[in-house]
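Notes to accompany the following structure.
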Amino acid sequence: QDPLNAVVKVTNYSNSTRLLAMTTLRNILGTRNLAEILSDREAISHAMQTSLDVATDPWGVKVERVEIKDVSLPQQLQRAMAAEAEASREARAKVIAAEGEMKASRALKEASDVINESPAALQLRYLQTLNNISAEKNSTIIFPLPLDLLTPFYKSRTQVI
């Protein structure tokens, strides 16, 4: 753009611009996570071009286009980014599980309120559960019998003797 400034103010404007572009790329990628790096190449390119324009304008150099074709990250940085992504996924999974538990506890509370209104409902639910268990032919069911139910029979037997 301004050849006189490019020659006078910088020893090697081409090499300086290239080094500045690498430094700018490192700085911008350091503020992003892996998902953003993979999906927002255009936004990263635009941010780089803006930053390079500001830095190279005093040199008389105009950066016309910035394209990110391939980014190679050091193994240590890749592992750190992968660990961050995994921790984020685990945190989201825990939140989803907690929300499920909360919905289940609300449903159980509502069911207990319904059963509380009608004692027969509890007995029907108990019999329904036994029926579901008995559908499997390979299980032994121990059926608890309330002693209150046997008390009238026990009293009548003791009176006869």
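Cβ coordinates come from backbone N, Cα and C, glycine included.
If you check TrEMBL, you get these features:
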- 2-101: domain 'Band 7' (DOMAIN)
DSSP helix/strand/coil residue counts for the domain 'Band 7' (2-101): 76 helix, 0 strand, 24 coil
Confidence summary (mean pLDDT) of the domain 'Band 7' (2-101): 83
